[in-house]
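Below is one structure; the comments refer to it alone.
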Amino acid sequence: MTDKKDPEKKKVNKGTSKEVFGYPISIFFIVVNEFCERFSYYGMRAVLVLYFTYFLRWDDDLATSIYHTFVALCYLTPILGAIVADSWLGKFKTIIYLSIVYAIGQVAMAVSAIHDITDTDGDGIPNNMSFHVALSMVGLFLIALGTGGIKPCVAAFGGDQFSDHQDKQRRTFFSVFYLCINGGSLLSTIITPILRAQECGIKSKESCYSLAFGVPAALMVVALLVFIVGSGMYYKDEPQGNIMLDVCKCIGFAIKNRFRHRSTRYPKRQHWMDWAEEKYDKLLIAQIKMVLKVLFLYIPLPMFWTLFDQKGSRWTLQATTMDGNFGALVIQPDQMQTVNPILILTLVPIMDIFIYPLIQKCGLNFTPLKRMTVGMFLAAIAFVCAALVQIEIDKTLPIFPSTSQSQLKLLNMGNNSVTVRLPGNDPQELPATTVCHLTINTYFIFFTDDLTAKPKQGNNAVRFVNGMNTVVNVSTTSVYFGLIEPLYYSNYSLIKSGEHTFTLWSDTQKCDFTMKFRFGSAYTFIINSNLFSDCLKSITPIQDIQPNSVSMALQIPQYFFITAGEVMFSVTGLEFSYSQAPSNMKAVLQAGWLLTVAIGNFIVLIVAELAKLSKQWTEFVLFASLLVAVCFIFSIMAHFYTYMDPAEIEAQFKKKGDDDEDDKSKRQRPEVEMVKRCSVNSHKEDDKQTRI
């Protein structure tokens, strides 16, 4: 370890920590903090839409709307965080205070997912759902405030720890920082769905959302503690004022001044921002013009994020109706999101090392704006793929009676077949120990304990019909079906995929049978009269709803296209924005970029609430069509865009300012010389008079 001194520049570097391999020790605390924070955020977000759907019992549209409202808030609050950090608290205190808020929000989410708190009757469903909804909404608001508020601060705070001569180390830090973001995202989207799939509870065993939220909450507390431990080593810059506020004030003054001089008797100016020249520096106005030119290009961009962020909502819900069995590996629906970070880590170097150089060698001018256009088109293709997958899923879904129909199930418990005749229906032969499903028109409503939808979360619905003359108890290790009276049936109970052993007993007699289940099926097991003489042959399984047969592997193409689109659109867009931004306004464009993400998520919830399309695949096609239209508009805007060199433009204004200063100095120089000559002559005259 070496002391933080620069022998060439003869000055002490930033911070009070020592260096290891040329890096300040303080940045290691920042890197660990970022990894834990990203694990916390993406881990919670991975299971969030399923928590809305299956714990809070919301429908798919409401769950999607609230999910995207939360994501939008997470991308709106960075603007607030940047203003607070730069104008009031500084980066260090902002990170500390908002991380505390963040951790409280994560703990609130974990507590809101404990069903035993209000589950008074022990059926696994909270009796006071309002409590859980209110607590979860408070938690999500605090998380959005925390994660968004520290988002613009942590990376910049890490960059502040390096001295001017450590450019190489600073670049390496940002690469590692980005790697921590994707590493935390990847691990959390693998681990938290596994935790969510566990069963926990005191009165009844249910999906363990409290554990899935509790581990991210613990990681956020760890992130906060790690950051605090390194506090004595950090370089803490004082707040210098926020450039975004200056930009907003300048734009506001220009608009107000233009409105005051709207009469035709005032001469027009070349640009409406020129109306701010009475109060603000011309260099600042020129910089704002450059920023506005780029922000104008941002107008169509929210539509890309409208599609991209649905991989955590609509695509996850789509995966719940698919088969996650990959042989030796069983994938949970919310684990499919891990494909995105895996592909990012793969495609970014492939694009940079192979694809872009190859296109350049072919003589094609593949500019950043053209890359972004292609990225938007690839995202549209991803949603076409999602629509095709949804069509295949719809083919396998059961057809339930409409509102004007009823479904009649006839069960033949005898040893011989019977013929069923109903008015308005053709006669049907009903073999022994089988179920016949008939759909009939009806004008009255009656209730039965039957399924009205496919089992959720990939679970399987199972019930038993007792055809014996004595009562039978049925149970597995996770479910007790209860005591079934003769010629009665049990209610449907949900069991997970995999192999299950059922135990049936009556008095002193007992037998077991084992069956392997896939995802999303429903079975009625008929218990025949000679159960205890031959257990396996005396139980007849009737498949009410077939299991999910469309493999989750079919989602991989849509994830590939959306990730390739992200690499070409998002990574290139950030690079383009950085290159076109003035030196002191890169944060302004970063805020504008994050704002497009927020608006894109608001568009999702608007469409989800207003479109009300009956088929999910039509909604996917709608989003794809909208993005193609926006992509066409953006390509036209990009065609007429002229690339700028902000440094050159700023240099011209600075040179012009220096020339003006020189001219002013030259105009003042003769007057100074005249004063000097007059002063010299007067002194000579005084000398003569003194000598006389």
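Note that Cβ sites are derived from N, Cα and C of the backbone, with glycine treated the same way.
Residues or ranges marked as transmembrane segment in TrEMBL: 20-42 (among others).
Residues annotated as transmembrane segment in TrEMBL: 62-83 (among others).
Residues or ranges marked as transmembrane segment by TrEMBL: 95-117 (among others).
Per TrEMBL, transmembrane segment is recorded for 129-150 (among others).
Residues or ranges marked as transmembrane segment by TrEMBL: 171-191 (among others). Note on the transmembrane segment (171-191): residues 23, 27, 30-31, 34-43, 46, 155, 158-159, 162, 215-216, 334-335, 337-338, 341-342, 344-345 of its chain, located 6 or more positions outside it, place their CB under 8 angstroms from a CB of the stretch.
The transmembrane segment feature in TrEMBL is assigned to 211-235 (among others). Within its own chain, the transmembrane segment (211-235) has Cβ neighbours under 8 Å at 14-17, 24-26, 28-30, 32-37, 39-41, 43-44, 47, 51, 92, 95-96, 99-100, 102-103, 106-107, 109-110, 112-113, 157, 160-161, 188, 191-193, 195-196, 198, 200, counting only residues six or more beyond its boundaries.
According to TrEMBL, the transmembrane segment annotation covers 290-308 (among others).
Summarising the annotation, TrEMBL assigns transmembrane segment to 342-359 (among others).
A Cβ distance under 8 Å defines the sequence-distant neighbours of the transmembrane segment (371-391), meaning residues of its chain 6+ beyond its ends; these are 303-304, 307-308, 314-315, 318, 550, 554-555, 557-562, 564-570, 572-573, 576, 615-618, 620-621, 623-625, 627-628, 630-631, 634-635, 638. Positions annotated as transmembrane segment by TrEMBL: 371-391 (among others).
Packing against the transmembrane segment (587-608) from elsewhere in the chain are residues 61, 64-66, 68-69, 71-73, 75-76, 78-79, 82, 151-152, 243-244, 247, 291, 294-295, 298, 301-306, 308-310, 313, 573-574, 577-578, 580-581, 619, 622-623: each is 6 or more residues past its ends and has a CB under 8 Å from a CB in it. According to TrEMBL, the feature transmembrane segment maps to 587-608 (among others).
The transmembrane segment feature in TrEMBL is assigned to 620-641 (among others).
Look at TrEMBL and you will find 654-692 tagged as region 'Disordered'.
Between the transmembrane segment (20-42) and the stretches 62-83, 129-150, 620-641, it is 129-150 that has the most C-beta pairs under 8 angstroms.
The list of residues near the transmembrane segment (290-308) in space but at least 6 beyond its ends in sequence, with Cβ under 8 angstroms from a Cβ of it, reads 247, 273, 369, 375-376, 379-380, 382-383, 562, 565-566, 569, 573, 577, 580-582, 585, 588-589, 592-593, 595-597, 599-601, 603-604, 607, 623-624, 626-627, 630-631, 633-634, 637-638, 641, 644, 646, 649.
Panel annotation: around the transmembrane segment (62-83), residues 45, 48-49, 52-53, 56, 94, 98, 140-141, 143-145, 147-153, 242, 244-245, 309-310, 312-314, 317, 587, 591, 594-595, 597-602, 604-605, 608-609 of the same chain, lying at least six beyond its termini, place a Cβ under 8 Å from a Cβ of the stretch.
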